[in-house]
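Participant: Quick paste of what TrEMBL says about this protein:
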- 31-48: transmembrane segment (TRANSMEM)
- 68-88: transmembrane segment (TRANSMEM)
- 95-113: transmembrane segment (TRANSMEM)
- 119-139: transmembrane segment (TRANSMEM)
- 151-176: transmembrane segment (TRANSMEM)
- 182-201: transmembrane segment (TRANSMEM)
- 222-246: transmembrane segment (TRANSMEM)
- 258-276: transmembrane segment (TRANSMEM)
- 288-308: transmembrane segment (TRANSMEM)
- 314-336: transmembrane segment (TRANSMEM)
- 343-361: transmembrane segment (TRANSMEM)
- 373-392: transmembrane segment (TRANSMEM)
Amino acid sequence: MDSLTPLETAATVPGSDEAAEMVRRAGRARWAVFLVFFVNGFVFANWVPRVAEIRTALGASEGQMGLALLGIAAGAVVAMPAAGWAAGRWGTRPICLGAAALLGLVLPLAGLASDLPALAAALVLFGAVSGTLDVAMNVQGAEVERRLGRPVFASFHGGFSLGGLAGAGTAALLAGSGADPATQFLLIGPIASLVGVLAAGQMLRRAAAGGHAGFHLAALRGLGGLSAIALICLLAEGAVADWSAILLADWRAAGPEAAGAAFALFSATMAAGRLTGDRLIARAGARAVLTGGGMLAAGGLALAVAVPSATATVLGFGIVGAGLSCIFPLTLLLAARAAGASAGLAIAAVSTVGYGAFLGGPPSLGFLAEAVTLPWALAAVAALLALVPLLGTRLPPHATT
């Protein structure tokens with residue numbers, strides 16, 4: 001097995017030849033992990049723009065489609081803890097190989113569904129496979145960073161963001177050429193699976209630090225704080241994705257161009273922040289990036305909701321993307337380092353909390369908006385973001401080193 005004890009890195013293994021080979025293996029694995037993140041984001045982004053067409057083709061109401069879409073969340077929430085346990089038992093490479101192979105093969109089932117029950121079943125499978133891959137690739141990424149001995153983890157999430165941008169562009173091109181969702185998914189799915197499998201084959205053969213013993217109290221305390229940060233940040237990310245266009249249309253009298261610009265700027269600043277975040281983490285430290293990112297995101301969202309200008313609102317959402325960019329990746333990385341915890345189980349726990357907030361938070365904001373108006377509902381999210389610096393400073397010392 002290609003494994004190390006939790007404290008070993010390439011720099012601590014005696015023998016220059018062995019250390020050099022370890023660095024080469026970790027370097028290959030780094031780009032493999034980046035590409036698997038890219039594929040996961042690419043496949044999901046191919047699905048999102050075609051949801052409305054699939055709903056129309058099935059003749060489903062918004063409520064019926066909403067229930068079907070919950071299948072993605074249901075599949076992921078069930079699969080993520082199991083994936084964390086499996087990563088600790090068998091390592092992440094075989095899990096990434098299997099999930100990458102299946103990811104592009106289950107997506108066409110959603111395009112081929114002839115009724116709502118078939119669509120819901122396909123989406124449960126899609127969510128389970130995507131959630132499994134999400135946990136396994138994050139555990140692998142945490143191990144690659146540990147072996148390299150320098151920050152690289154944020155760039156993996158940058159790969160996911162770039163994959164999302166590429167997937168959305170591919171979906172737009174294929175839709176514009178007249179391809180229906182089933183044709184699109186049948187075309188891109190197998191290609192994405194092939195690329196994902198080839199990349200996963202270059203991953204470290206055994207990457208799941210830690211054992212199966214229970215969490216120490218310090219680790220539980222650290223995971224609680226990290227889970228709270230993940231919940232807040234993915235709630236904010238989901239709020240921007242689902243409500244930014246409505247804020248601009250209903251409260252800024254702006255057209256769809258402004259809504260598109262807002263989400264594009266949000267996505268671009270998030271991708272840029274993740275791709276450059278490793279250098280910032282190396283220079284300033286994880287705790288400083290957590291607290292600074294939280295303050296930046298809170299300030300950006302406050303700007304978006306407080307200033308009655310479409311330009312200021314678009315700019316504010318861009319600032320939110322920059323502030324949030326490295327926070328969720330850091331919560332996963334720091335969870336993997338939590339003392340006495342299995343990396344797979346720790347990442348699964350934080351991912352499940354964050355994923356639930358991303359999917360369940362925006363509908364809850366809708367109910368709150370009916371009671372207090374949308375700007376005030378988003379202001380409440382900004383207030384939660386302002387808690388991130390406080391939560392970051394209260395993490396146990398081991399959690400941010």
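Yeah, the Cβs are placed from backbone N, Cα and C, and that goes for glycine too.
Walk me through where these features lie, including what they touch and how far apart they are.
Facilitator: When Cβ-Cβ distances below 8 Å are used as the criterion, the transmembrane segment (31-48) is approached by residues 96, 100, 103-104, 107, 110, 126, 130, 133-134, 137, 140-141, 144, 155-157, 159-168, 170-171, 184-185, 188-189, 192, 195-196, 199-203 of the same chain, each at least six residues removed from its ends.
Only residues 6 or more beyond the boundaries of the transmembrane segment (258-276), in the same chain, are considered here, and those with a CB under 8 A from a CB of the stretch are 154-155, 157-158, 161-162, 164-165, 240-241, 244-245, 248-249, 252, 310, 313-315, 317-326, 329.
Among residues of the same chain six or more beyond the transmembrane segment (288-308), those with a C-beta under 8 A of the stretch's C-beta atoms are 229, 233, 236, 240, 244, 247, 251-252, 277, 280-281, 315-327, 330, 375-376, 378-379, 381-383, 385-389, 391-393, 395, 400.
Cβ atoms under 8 Å from those of the transmembrane segment (343-361) belong to residues 70, 72-73, 76-77, 80-81, 83-88, 92, 131, 134-136, 138-139, 142-143, 208-210, 219, 223, 226-227, 230-235, 237-239, 328, 331-332, 335-337 of the same chain, restricted to positions at least 6 beyond its ends.
Residues 225, 228-229, 232-233, 235-236, 239, 243, 246-247, 250-251, 287, 290-295, 297-298, 301-302, 304-306, 323, 327, 365, 400 of the same chain lie 6 or more positions beyond the ends of the transmembrane segment (373-392) yet place their CB under 8 Å from a CB of it.
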Participant: For the transmembrane segment (314-336), give me same-chain residues lying six or more residues beyond its boundaries with a C-beta closer than 8 angstroms to one of its C-beta atoms, as numbers and ranges.
Facilitator: 138-139, 141-143, 145, 153-154, 156-157, 209, 222-223, 226-227, 229-230, 233-234, 236-237, 240, 244, 248, 258, 261-263, 265-274, 277, 280-281, 286, 289-290, 292-305, 307, 343, 346-347, 349-351, 354, 385, 388, 395, 399-400
Participant: Which sequence positions outside the transmembrane segment (222-246), separated from its termini by at least 6 residues, show Cβ-Cβ distances below 8 Å to it?
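Facilitator: Sequence-distant neighbours of the transmembrane segment (222-246): 215, 256, 259, 262-263, 266, 290, 294, 297, 301, 304, 313, 317, 320-321, 324, 327-328, 331-332, 334-335, 338-339, 341, 346, 349-351, 353-359, 361-362, 365-366, 369, 374, 377-378, 381, 384-385, 387-388, 391-392, 394-396, 398-399.
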Participant: Which range wins on Cβ pairs under 8 Å with the transmembrane segment (119-139): 95-113, 151-176, 182-201?
Facilitator: 95-113
